[in-house]
Amino acid sequence: MARYVFITGGVVSSLGKGIAAAALAALLQARGYRVRIRKLDPYLNVDPGTMSPYQHGEVFVTDDGAETDLDLGHYERFTGRPANQQDNITTGRIYRNIIEKERRGDYLGATVQVIPHVTDEIKNFVLEGNEDYDFVLCEIGGTVGDIEAMPFLEAIRQLGNELPRGTAVYIHLTLMPYIPAAGELKTKPTQHSVKELRSIGIAPDILLVRADREIPESDRRKLSLFCNVRESAVIQALDVATIYDVPIAYHKEGLDSEVLSAFGIDPAPKPRMDRWEEVSHRLHNPEGEVTIAVVGKYTGLKDAYKSLIEALHHGGLANKVKVNLDWIEAEVFEREDPAPYLEKVHGILVPGGFGERGAEGKILAAKFARERKVPYFGICFGMQMACIEAARNLVGIEDASSSEFGPTREPVVGLMTEWLKGNMLEKRAAAGDLGGTMRLGAYEAVLKPDSKIAQIYGSTDIHERHRHRYEVNIDYKDRLEAAGLNFAGMSPDGVLPETVEYADHPWFIGVQYHPELKSRPFEPHPLFASFIEAAIEQSRLV
């Protein structure tokens, strides 16, 4: 039978519940347990697919095509277990399910209410499909006290009563702020947060307390006394250099031991921390460093590129170098010469994005990389802009553009209206809904055997995750290839271009998919490992 760990947050948002959940899952895995993590998001959107990156950050796409919270990316990177549609739920999805049931008459004329109908739907989500797991970790989004989170907190309160005794543990993540004028950390915000949590019927078993310095024993005793938590269960969560130091730090503080003790598991299997120690050692002892320019349009919020950032660091791990990121807003290149910004970097990456803003700047970045022989990695939109650049400057199609930006006589990039998903033909209308209508999830691509990208993968058959509505127009393939841009990867039916590259360039690759979503610290994605390797070679020339 699965045991459940419910993780809530208090005082302020963005304390790192997702990292805490992922780190705890990794620690339990290190002891040989089978672990699943689920995220419960209180917002009313059905999923984050149509939300602004500035509001939500990255949309993490799973193999089965779910558009989910970026925390699921942390879950995958820390545990290696691929997430799916059933690992993330939102209030919007809960309400949609309930309304559909009500319209079908499933409630037999009952008045549909938050309790029991909404809470039952949440509980069903938490409990479903856990037969093969020893532990299920559930992160509750938001902060205790948020009105949107109340149904979720009520649902996990009920689960604490309904599950067999000893199979549910509550962890509350809080903040102890340091007040310079007083010269001390303050416990009061945590006390009030726990008071709020207890007022709705949840008594935390463990306090995970964020702080920027060591928490004195006297403060831990104080929190234990006023929050009614064992002193050993007041665990400090200090700031660390990288997120991959968190599992080691939490293990040293005894988080995993305290969780197992709360479940009455004693003695517990000893953890194997060697691979985490190896990752930490490599991160803190690089043998060199490279600088990568990221030319994007959401650079004001780095969370919009969370998986991309981590995948670049994984590429650094594979090559034992530190990867420095130079963030450049693409629109800058529409006003200024790109050369002063890009001459000293060792690689240029143009990530995914939507819309016309910044597109010309990304095209200029691709042109600079092609002409100056600087390693270039174009992902999704970045591949599309590289193709438009080639069409304009190598083929001579001056009006080459994307239909995403408006009507154009030369749609080198166009809207996909149909594509194969397995044996099914997916169709989309230009005037259809935006949410959940893109080409989403894992799709197969076939690579040319003699291509650079096939050599990097060590295979001609790959499966990668996609999230796009527009695609390079196959009608321009022959002219682009004649100009030197090799279409090295295609969909199995030969209709959708998946990868492009230049044979006469040290490293210039564009991919329509998002390889960053499948990179792990222990298994860096081969494209990112190869890109950083090329950047190392470039660093010797700059």
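Cβ atoms are placed via backbone N, Cα and C, with glycine included.
What Swiss-Prot says about this protein:
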type: BINDING; residues: Ser13, Lys186, Thr187, Lys188, Pro189, Thr190, Gln191, Lys222; note: UTP binding site
type: BINDING; residues: Ser14, Leu15, Gly16, Lys17, Gly18, Ile19, Asp71; note: ATP binding site
type: BINDING; residues: Tyr54, Gly353, Phe381, Gly382, Met383, Gln384, Glu404, Arg469; note: L-glutamine binding site
type: BINDING; residues: Asp71, Glu139; note: Mg(2+) binding site
type: DOMAIN; residues: 291-541; note: domain 'Glutamine amidotransferase type-1'
Proximal residue to Met383 (L-glutamine binding site) among binding-site residues Gly16, Asp71, Lys188 (C-alpha distance): Asp71
Gly353 (L-glutamine binding site) to Pro189 (UTP binding site) - Cα separation in whole Å: 39
Cα distance (Å, whole number) from Leu15 (ATP binding site) to Pro189 (UTP binding site): 14
Neighbouring binding-site residues, C-alpha within 10 angstroms of Gly18 (ATP binding site) - of Lys186, Lys188, Gln191, Phe381: none
Least Cβ-crowded entry, counting other Cβ within 10 Å, from the binding-site residues listed as Gly16, Gly18, Gly353: Gly16
Count of other CB atoms lying within 10 Å of the CB belonging to Lys17 (ATP binding site): 24
Entry from the binding-site residues list Ser13, Ser14, Thr190, Gln191, Gln384 having the most other CB atoms no farther than 10 A: Gln384
For the binding-site residues Asp71, Glu404, the one whose C-beta sees the most other C-beta atoms within 10 angstroms: Asp71
Between Gln191 (UTP binding site) and Tyr54 (L-glutamine binding site), the C-alpha gap once rounded to whole angstrom: 32
Integer Cα-Cα distance in angstrom, Asp71 (ATP binding site) to Glu139 (Mg(2+) binding site): 9
For the binding-site residues Leu15, Met383, the one whose C-beta sees the most other C-beta atoms within 10 angstroms: Met383
Ser13 (UTP binding site) versus binding-site residues Gln384, Glu404, Arg469 - nearest by Cα: Arg469
Least surrounded among the binding-site residues, given as Pro189, Gly382, when other CB atoms within 10 Å are counted: Pro189
Rounded inter-Cα distance in Å - Leu15 (ATP binding site), Thr190 (UTP binding site): 13
Closest of Tyr54, Glu139, Thr190 to Gly16 (ATP binding site), Cα positions, binding-site residues only: Glu139
Closest of Ser14, Ile19, Glu139, Lys186 to Glu404 (L-glutamine binding site), Cα positions, binding-site residues only: Ser14
